[in-house]
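As written in Swiss-Prot, here are the features:
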SIGNAL    1-20  signal peptide
DISULFID  30-51  disulfide bond
DOMAIN    30-131  domain 'CUB'
DISULFID  74-95  disulfide bond
C-alpha cells in the first residue's frame with residue numbers, strides 16, 4: 001500500500017475516534033444491505049442472534065472495514081469479516097482486539113455478528129467506507 005493512501009485513512013480514523021463517529025450514518029439493525037459510502041455498524045441489542053450486513057460499493061471501489069476496539073465474550077459471540085457475499089472467504093473471525101483493518105478484494109464485503117441466544121450482546125462498532133481501487 002502506498003503511503004499516500006495510508007495517510008488519509010489514518011486521518012479519518014483519528015478524526016472518527018475523537019468525534020466518536022457520530023457524524024457517520026449508524027446502523028443498529030440486525031443486518032441489511034448497506035450502500036452508503038461510509039457508516040458505522042453498531043451494537044444490535046435485540047433478540048436476534050445472527051446478524052448479517054452486506055456492504056456494497058460502486059465497482060470502482062473496495063470496501064474498507066475498521067474496528068477500533070473489540071471485547072466480546074469469545075465463548076459466546078463473535079464478528080466475522082467476509083470478503084464478498086456470504087459464503088465467500090472469511091478474512092477474520094474475531095472476538096477481541098484493537099485497531100483491526102480489513103480491505104475487500106472487490107466492491108462487496110459482509111460483516112456477520114453471531115451470539116448465543118442466552119447471552120446479551122456486547123458493545124461493538126464497525127466503521128466501513130469506500131476505498132478506491134489501486
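Yeah, the Cβs are placed from backbone N, Cα and C, and that goes for glycine too.
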Which of 30, 51, 74, 95, the listed disulfide-bonded residues, has fewest other Cβ atoms within 10 Å: 74
DSSP helix/strand/coil residue counts for the domain 'CUB' (30-131): 0 helix, 60 strand, 42 coil
Separation of alpha carbons, residue 30 (disulfide bond) and residue 95 (disulfide bond) (Å): 18
Predicted model, mean pLDDT over the domain 'CUB' (30-131): 96
Whole-number Å value for how far residue 74 (disulfide bond) lies from residue 51 (disulfide bond) (Cα to Cα): 17
